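> Okay, here's the structure, questions in a sec.
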Amino acid sequence: MAHTNESVVSEFVLLGLSNSWELQLFLFAIFSIVYVTSVLGNAIIIVIISSDSHLNSPMYFLLSNLSFIDICQSNFATPKMLVDFFVEHKTISFEGCMTQIFLLHSFVGSEMMLLVAMAYDRFIAICKPLHYSTIMNRRLCIIFVSISWAVGILHSVSHLVFTVDLPFCGPNEVDSFFCDLPLVIELACMDTYEMDIMTLTNSGLISLSCFLALIISYTIILVTVQRRSSSGSSKALSTLTAHITVVILFFGPCIYFYIWPFSRRSVDKFLSVFYTVCTPLLNPIIYSLRNEDVKSAMQKLRNCHVNSWKI
């Protein structure tokens, strides 16, 4: 990625989360555990779903793709952040900064669309169970995943195509642990108000449209479930609770950022940590540990490994 000749900034300085050495060591320990748990947890979900024939359904196909996106999201900035805890002068190249912006918005945009696809899957399963196998076939699931990635990448490119050509002539300090798009735009040597509005509108539209689609879908599903009184409805309600919890935790920081889009305070930095470091952990914890089918498949996989070691 090349930037214009007007830009004299070849790298950005990341101010990180804290200047305290003791706090940085503490954060390194915590985030290392979260990072390893996120990557391993999501990888295990993918292995379990792909190896167990009982999990060969659209819901688990979408869930495994969600795990893949979460693995990608765990790796776009967290490893560098962990290394930077031990580096006094935290820098990132211009190209590396633009790459982080591109990857973050690609993964987040894709995950938003995939959450909508998962809500649609539950809508069909609960509201139109007799037509579920006909509607939610493998071809439609692949289309959903493809659209999710396409929307995420297009959403990211629409940001990057304007950001990469901004004139950066100093200062070059980003008050975060990664290249957060609004903070990078603020460093441009020009009036960025229109750019801020365009970025806010772009991200706000995709976030709001996905959030409204999810709210409408889950409201209809919950009304349908409440009208029934059976063990199947109880299981469906448990699954819905997990889905809704993830939606609230995932879109919560987004809502905050768009309510106060131009107020960058210390709380924003820690919400960014939650969004980039902790969000990928939601899938293994909320979706999978609450899911009896996944836990059963995990137990069978573990028993197979134990038996193979005995042999």
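The backbone N, Cα and C atoms fix where each Cβ goes, and this holds for glycine too.
Unlike curated records, TrEMBL annotations are generated automatically.
Remember, it's a predicted structure, so these values are computed and weren't measured experimentally.
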> Can you dig out which of the ranges 60-78, 79-97 TrEMBL describes as transmembrane segment?
60-78
> Which bits of the chain, at least 6 residues beyond where the transmembrane segment (237-259) starts or stops, bring a Cβ under 8 A of a Cβ in it?
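Same-chain contacts beyond the ends: 111-112, 115, 118-119, 122, 200, 203-204, 207-208, 210-211, 214, 218, 221-222, 225, 268, 271-272, 274-275, 279, 282-283, 286-287, 290-291.
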